[in-house]
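Quick look at what TrEMBL lists:
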| type | residues | note |
| --- | --- | --- |
| TRANSMEM | 20-42 | transmembrane segment |
| TRANSMEM | 54-78 | transmembrane segment |
| TRANSMEM | 98-120 | transmembrane segment |
| TRANSMEM | 140-161 | transmembrane segment |
| TRANSMEM | 181-198 | transmembrane segment |
| TRANSMEM | 210-228 | transmembrane segment |
| TRANSMEM | 267-289 | transmembrane segment |
| TRANSMEM | 310-332 | transmembrane segment |
| TRANSMEM | 338-357 | transmembrane segment |
| TRANSMEM | 369-388 | transmembrane segment |
| TRANSMEM | 394-412 | transmembrane segment |
Amino acid sequence: MVGSGIFISPKGVLKNSGTVGFSLVVWFSCGLLSMFGALCYAELGTRITKSGGHYIYILETLGPLPSFLFLWAEFFAIRPANSAVVSLAFGRYLLEPFFAPCAAPIPAVKLISLLGYYAVLTLNSWSVTWSARLQTALSVVKLLALALIIVPGMMLLAQGHTKNFQDAFDSQSLVPDKLPLAFYAGMFAYSGWFQTSFVREELVRPERNIPLAVIVSVITVIVGYMLTNISYYTALGTQEVLASPAVAVSFVQQACTNLISVVPVLVALSCFGTMNGGILTFSRTLFVASREGQWPPLFSMIHIRRHTPLPAVMLMLPLVTAMVCIGDIYHLLNFFSFSRWLFIGLATLGLIVHRYRHPELQSPFKVPLFVPVSFTIICLFTVAMSIYSDPVNISIGCTVVLSGFPVYYLVIHRKMLNRCHRLL
């Protein structure tokens, strides 16, 4: 869960919520919403024993058309844009100390971003074992990066640096129609609570470990993110956060200059870990989709010697490259968040449907009904409101989703009808 989001989202949350106080409310609300979603996915993971995450949950509960539309949006919008955002954050934080106090040149940031992404691709094409070990090691780096921000921030707060929290809830600065975009930025930082569902078949004792992992993780991250944001606001004013291209670097420059060369590197490594985890899980989605007959069989294959899902890993290369070259972090974030939260809302709706259709199924982990109902309503409401908040990027995302309809009926649905005809 901890990756690039906590180091780039504070600016987006503050910009669209208006004040320090409301931004902290958004951060806590996003954490609570993530807990609801994580609990829903934990139950889905104990009910549906296949890997594949959102895709397989939608397929098993709502049917082949919604699951294919998710797969289509995941390939053309959600995953490449998400990877581009994380890689751009990686490049920016890696270069920012060399150009401070000026911003790093955009062409240089994009070049380093692509090199970082290609390095992750190479690693995942070479060895699953090494990519998994790297993910474990970088988890420690992520928490260390947060600690190096939280501890100096709390020390400043204890010394009485509270001027940036005055008028924290000034309602005149609140812009209600922009709040969905603030939630998109905050939920992007928390995103990752659903990652275990992508590798469900590879987990040991999933009926115990999935609920345990998500509950402990989400609580830990909520506490860490709240303390990190309080630290940011203790050292930086509203305008400083909004003007900063890399808020963690600006924080270090204000609060603890002796860490100026350490924190950006740790943040970059944290982003590197997020890229690695994203590729690890996305390749499993394509693997499962190919196995289910909704994606070309090539992408269910693994390398004969290295046992890595090489075709699925390499598939994202051209789209991520294009989005890094032409995109901007915050526009890309709004662009893919519409599709992501639409289908996550549908997946938790599917949990309600699955319970209704299969009352006899005894799940080892079950959440109260109000949890999936609340989460689904909030997700779909936020998606609907975001169309008004950022019509251009959301319209593009919506168009990508809708473009999957003709492909489904011309390729997937027709192929299914031909199979039925041959069977008869």
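Glycine is treated like the rest: Cβ placed from N, Cα and C.
The transmembrane segment (394-412) and the transmembrane segment (181-198) are not in contact, since fewer than 3 Cβ pairs between them lie under 8 Å (pairs 6 or more apart in sequence). Take the transmembrane segment (140-161) and the stretches 54-78, 98-120, 210-228, 310-332, 338-357: counting Cβ pairs under 8 Å, 210-228 has the most. Residues of the same chain lying 6 or more positions beyond the ends of the transmembrane segment (338-357) and with a Cβ under 8 Å from any Cβ of it are 37, 40-41, 43-44, 47-48, 54, 57-58, 60-62, 66, 69-70, 73-74, 77-78, 82, 184, 187, 191, 194, 369, 372-373, 375-376, 379-380, 382-383, 386-387, 393-394, 397-398, 400-401.
In this chain, the transmembrane segment (210-228) does not touch the transmembrane segment (267-289); fewer than three CB pairs sit within less than 8 A of each other, excluding pairs fewer than 6 residues apart. The transmembrane segment (98-120) shares more Cβ pairs under 8 Å with 310-332 than with any other stretch in the list 54-78, 181-198, 210-228, 310-332, 369-388. Sequence-distant neighbours of the transmembrane segment (369-388) (same chain, 6+ residues past either end, Cβ-Cβ under 8 Å): 33, 36-37, 39-40, 177, 179-181, 183-184, 334, 337-338, 341-342, 344-345, 348-349, 351-352, 355, 394-395, 398. For the transmembrane segment (210-228), the neighbouring stretch richest in Cβ pairs under 8 Å, chosen from 20-42, 54-78, 181-198, is 20-42. Proximity of distant same-chain residues to the transmembrane segment (54-78), defined by a Cβ-Cβ separation under 8 Å and at least 6 residues beyond the stretch ends, is recorded for 41, 44, 48, 194, 197, 282, 285-286, 288-289, 292, 294-295, 315, 319, 335-336, 339-340, 343-344, 346-347, 349-351, 353-354, 397, 400-401, 403-405, 407-408, 412-413, 416.
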